[in-house]
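Taken verbatim from TrEMBL:
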TRANSMEM  B:12-35  transmembrane segment
TRANSMEM  B:82-105  transmembrane segment
TRANSMEM  B:117-138  transmembrane segment
TRANSMEM  B:159-177  transmembrane segment
TRANSMEM  B:189-208  transmembrane segment
TRANSMEM  B:238-261  transmembrane segment
TRANSMEM  B:273-294  transmembrane segment
TRANSMEM  B:314-335  transmembrane segment
Amino acid sequence: MSDQKQVTEMDPKESKKNIENIEEEVTEEPSPNQDRLDRIVELIKTNIAEDAIEVAFINELDRDLPCIVIRSPYWVKTAMLLKESELLKLNYLRNVSGIDFETHFEVVYYLLSMSTGNQLDVCIKVKADRENPSIPSITSVWNTANWNEREIYDLLGVQFPGHPNLKRIMMPDDWEGHPLRKDYEPIDPEV
Amino acid sequence: MNLLQDLTFSSFMWFLSGAVVLLAVVLGFVTYAIYFERKVIGWIQLRKGPNRVGPLGLFQTVADVLKLLLKEDTIPRNADRFLFILAPVIAFVPAFVVLATIPYTSLLQFADLNVGLLYYFALSSISTIGILLGGWASNNKYSLLGGMRSAAQMISYEVPLVMSVVGVVLLSGSLSLNTIVEGQAGGFWQWNILPQFVGFIIFIIAAVSELNRTPFDLPEAESELVAGYHVEYSGFRFAFFMLAEYVYVYAIAALTTVLFLGGWHSPLPFLDFIPAIVWFILKFLSIVFFLFWIRATLPRIRVDHLMSLGWKVLLPLALVNIFVTTIVIELIKYFK
Amino acid sequence: MIRTEELLLNVGPQHPSTHGVFRIIVKLDGEVITEATPVIGYLHRGTEKLAENLTYTQVIPYTDRMDYVSAMTNNYVLCHAVETLMDLEIPERAEFLRLIVMELQRIASHLVWWGTYLLDIGAMSPFLYAFREREMIVNMFNELCGARLTYFYMRVGGVKWDAPEGWIDKVRDFIPYMREKLDEYEQLVSGNEIFLARVKGVGTYDAQSAIDFGLSGANLRSTGVKFDLRKDQPYSIYDRFDFDVPVQTAGDCYARYLVRFEEIKQSLRILEQAVEQFPEDGQIMAKVPRVIRPPEGEVYTRIESPRGEIGCHIVSKKKPQPYRLKFRRPSFVNLQILPKLLVGETMTNLVTILGGIDIVLGEVDG
């Protein structure tokens with residue numbers, strides 16, 4: 001019962017206070033991972049292209065995780081670099097998520113290095129436009145991406161050119177639409 | 001009773017009634033062997049086993065059989081109808097027929113053939129054809145795989161099985177089961193299990209394999225082939241396959257008793273006052289228990305390991321066993 | 001003229017050894033697999049879509065149903081993600097309770113795996129033995145939260161129910177009992193010739209491909225990669241306890257078996273220490289706003305579930321409902337390596353290898 005109350009009743013005052021607290025902390029502290037982020041950005045800029053990176057920032061909410069937004073034409077090359085470079089050796093792709101931001105799609109890759117021993121995460125984001133979303137496949141770089149990309153294709157409708165077998169994975173092959181899109185209309189409204 | 005006497009109407013009736021009685025005994029055995037197996041395995045696995053139908057669950061198997069008989073008899077549309085119907089019969093009939101030569105006591109035996117052992121092995125291998133046919137006629141990939149496995153397995157293990165008993169035949173100098181048992185009279189030190197221990201081990205392993213029971217239950221391997229050759233069978237046809245399997249348990253347990261455990265003879269001479277049939281049943285039941293016991297204990301062996309065990313280990317061992325037995329027998333003769 | 005044909009065999013979705021509704025289409029040459037195509041999605045319930053219309057607390061029961069063999073760790077990963085986003089401090093007692101139930105859950109989950117794996121291999125009895133011990137754990141959970149499978153025990157900020165009186169003692173008594181049983185199981189199974197012949201050298205892969213396929217948990221540690229999130233990226237209060245990360249180097253089914261078996265022992269070690277240090281009293285819930293509205297932002301948290309790295313990626317727009325909730329489901333990721341492992345193996349090994357990966361279909365299909 002009490003859980004239901006949590007849902008329906010609101011206490012805006014308290015939650016607001018909480019959030020304000022967090023935001024204050026965020027602005028005060030300099031991030032310990034800033035160095036690391038700068039180094040990765042530098043590496044990409046020198047090896048790939050100046051404009052490969054759209055933006056790079058530290059996600060303070062997620063334990064100061066370094067995040068880099070890569071422009072999609074440069075993504076496969078960058079992925080190769082991140083995996084192969086002696087400095088980073090980000091050889092473990094732990095998660096791929098697709099997000100529908102209504103204005104655009106975003107695919108988020110969480111990477112980790114298993115060989116350098118420092119085991120720090122890096123988060124890479126690649127954006128795709130809403131009309132005809134397409135992001136180059138990185139299955140050839142990390143095999144983990146294979147089914148993850150299929151899942152994102154299935155549920156969000158993002159195309160992954162270069163994927164060996166881009167078919168629906170969760171939904172039936174003849175399913176219409178991509179359920180995780182925000183504007184998805186269920187075929188059968190009763191379900 | 002002798003099979004070789006002239007067949008008259010009265011002797012035919014004798015045989016018929018004898019066969020009916022034996023069938024009743026065997027069916028009774030199968031019913032309670034299944035009950036016993038479930039109880040034993042339940043006991044090993046910390047369960048109670050059947051305990052609802054009748055006192056102590058004694059009628060559980062009866063109820064199960066009734067259910068099977070009342071079930072709709074389904075034949076898959078694409079199955080080979082004739083062979084599909086024929087297969088359970090071919091699997092079951094040899095299982096029952098081989099029982100004719102088993103001597104329970106010196107008097108209680110249907111047919112004392114002088115080639116009794118040969119008769120047993122010759123007929124029991126026909127069941128394989130039934131299983132293979134069943135697997136093929138079902139027109140199902142799983143049952144086909146099960147049937148093929150079964151054929152491969154039974155042919156492979158038939159060879160060491162027969163080889164392993166050659167030592168026994170050499171010792172007693174006869175293929176007649178009755179004579180083999182007579183040769184083991186006078187206490188447990190006379191039993192063939194002692195001089196033929198290697199043969200006994202090979203025989204038991206090969207026999208379990210012939211029975212398609214764990215750890216050699218590959219043809220029906222439920223975790224891989226779902227149910228193997230009888231996946232499409234239901235109702236009383238399925239019951240026939242099960243029946244065949246349990247009648248073979250009966251036959252193999254009886255044969256082991258006869259060949260290696262001295263048949264109806266008591267282990268110690270002063271225990272002779274106990275009726276011979278009691279000894280036979282005791283030995284027979286301990287073999288049956290052993291079969292159930294290993295079913296609850298061992299995982300399933302893999303098909304390629306099974307083949308290499310059969311051809312590379314059991315067969316050479318059986319041959320060496322025959323060789324050594326022959327030499328020893330000759331040496332004993334020579335020094336006498 | 002003899003004509004040979006490849007046999008196309010459809011295994012599942014209803015098959016005793018696919019652990020649910022997994023389906024795999026194999027091309028057989030005799031009994032040797034030449035090609036394997038997994039088909040999943042039969043249990044897809046759209047958890048992630050459903051979550052977008054639910055509050056965070058309402059999503060927790062859905063996580064129970066993802067990896068239903070290990071619901072506690074799933075509860076935790078979601079709560080942990082929201083807590084990280086909100087920067088919540090969890091009361092000591094709640095942390096201990098969470099840790100204890102998660103480790104008990106790990107044992108229960110590995111026991112289910114152990115039993116069913118041996119059932120796959122054809123040994124019937126271990127399954128029932130394993131369920132006897134699991135039953136004790138499940139009963140403890142039942143006392144704690146009134147459910148036996150889908151617990152819904154954790155909440156953002158703590159746990160829902162405090163341990164009833166004498167509960168901690170039950171956990172304490174369970175530890176030596178379980179140790180004794182583990183020794184028994186080791187004697188029963190780990191040295192069995194048939195078992196060894198079936199799992200040794202089967203389904204082997206090296207550390208390189210394990211990392212490349214993103215394997216985690218025992219599947220990764222069986223190749224010699226010592227990576228356990230409890231040690232390497234500690235969460236909760238794991239850094240306070242002394243335990244080892246079991247590692248094997250062979251990378252075959254037997255190595256995975258040994259790793260999981262050893263993990264049960266290590267979980268017992270953690271439990272032993274946790275029970276000793278368990279705070280006498282204290283709060284079990286942090287001060288959490290009645291409506292949970294995490295600040296706008298993104299977080300990805302990951303913890304070590306019995307099956308590997310389970311992660312939760314939340315995109316929050318400062319609403320009571322998540323804007324996007326994505327679970328990194330370890331079974332889903334681990335399963336990807338299966339087609340590669342199966343080529344050239346026999347039908348019998350299909351079952352051994354699939355069982356060795358340890359999947360739960362609720363999690364694969366999400």
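Cβ atoms here come from the backbone N, Cα and C positions, even for glycine.
Within the chain, the transmembrane segment (B:117-138) has long-range Cβ neighbours (under 8 A, six or more residues past its boundaries) at 76, 79-80, 83-84, 86-95, 97-98, 101, 144-148, 150-151, 154-155, 158, 161-162, 165, 169, 175-177, 180, 210, 219, 228-233, 241, 244, 248, 251, 255, 259. Within the chain carrying the transmembrane segment (B:314-335), a Cβ under 8 angstroms from the stretch's Cβ atoms is held by residues 157, 159-160, 163-164, 166-167, 170-171, 195-196, 198-199, 202, 205-206, all 6 or more beyond its ends. Highest Cβ contact count with the transmembrane segment (B:189-208) among the listed stretches B:12-35, B:159-177, B:238-261, B:273-294 falls to B:159-177 (criterion: pairs under 8 Å).
Within the chain, the transmembrane segment (B:238-261) has long-range Cβ neighbours (under 8 A, six or more residues past its boundaries) at 26-27, 29-30, 33-34, 65, 68-69, 88-89, 91-92, 95-96, 98-99, 102-104, 117, 120, 124, 127, 130-131, 134, 165, 168, 177, 180-181, 191-193, 196, 199-200, 203-204, 207, 210-213, 229-230, 280, 283-285, 287-288, 291.
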